[in-house]
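A.B. asks: Just dropping this structure here.
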Amino acid sequence: MITEKLQKAINDQITAELWSSHLYLSMSFYMEKEGFAGMASWLKKQSEEEKDHACEMASYLVKRGGTAVVDKIDVVPTEFGTPLEVFTQVYEHECRVSKMIDDLTDVASAERDKATQDFLWGFVREQVEEEATASGIVEVLKKAGEAGIYYIDDKLGARK
Ligand code: MG
């Protein structure tokens, strides 16, 4: 059985993952309008991945005898600027998520819940990849000229 405090902290993270999912979906719609179909597709997949994270956490909570909640999700921005600005915001957001996962792991540790700590290490590792991927895209966008942006758009559109 999971403690009340840890259950609340995981439910807060579920809300944060769903907010992230909405943020990336909003970025996807924006990029589609801006004519970057590949980046829009990449961001839509990123949005789906965030929803998967929320579902994974919910299943874990239920398995531990807790209750998973879909809470109110705050509105997300709708304007994001140039492709470089969009992916810089993706990178910055992933850094904030990493901090949230770290804090959540600290709560699990304070509650002396080993199973939850073990569960969360998967997300700690995932964040290393998320930050590296986003920062990699920011770097290539910085180096790309006007024509290069469309080449990158094509590349990102190939994400499975
Ligand atoms: Mg996530």
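The backbone N, Cα and C atoms fix where each Cβ goes, glycine too.
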A.B. asks: Pick the one from GLU4, GLU17 that TrEMBL also lists for the Fe cation site with GLU50, HIS53, GLU94, GLN127.
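C.D. replies: The candidate from GLU4, GLU17 that TrEMBL ties to Fe cation along with GLU50, HIS53, GLU94, GLN127 is GLU17.
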A.B. asks: Centre the Cβ atoms of GLU17, GLU50, HIS53, GLU94, GLN127, go out 8 Å, and tell me which other residues of that chain have a Cβ in range of the Fe cation site.
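C.D. replies: Result: ALA16, SER20, GLU49, VAL97, ILE101, PHE123, GLU126, GLU130.
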A.B. asks: Let's see if you can do this one: DSSP helix, strand and coil counts over the domain 'Ferritin-like diiron' (1-145), in that order.
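C.D. replies: Summed by class, the stretch gives 116 helix, 0 strand, 29 coil.
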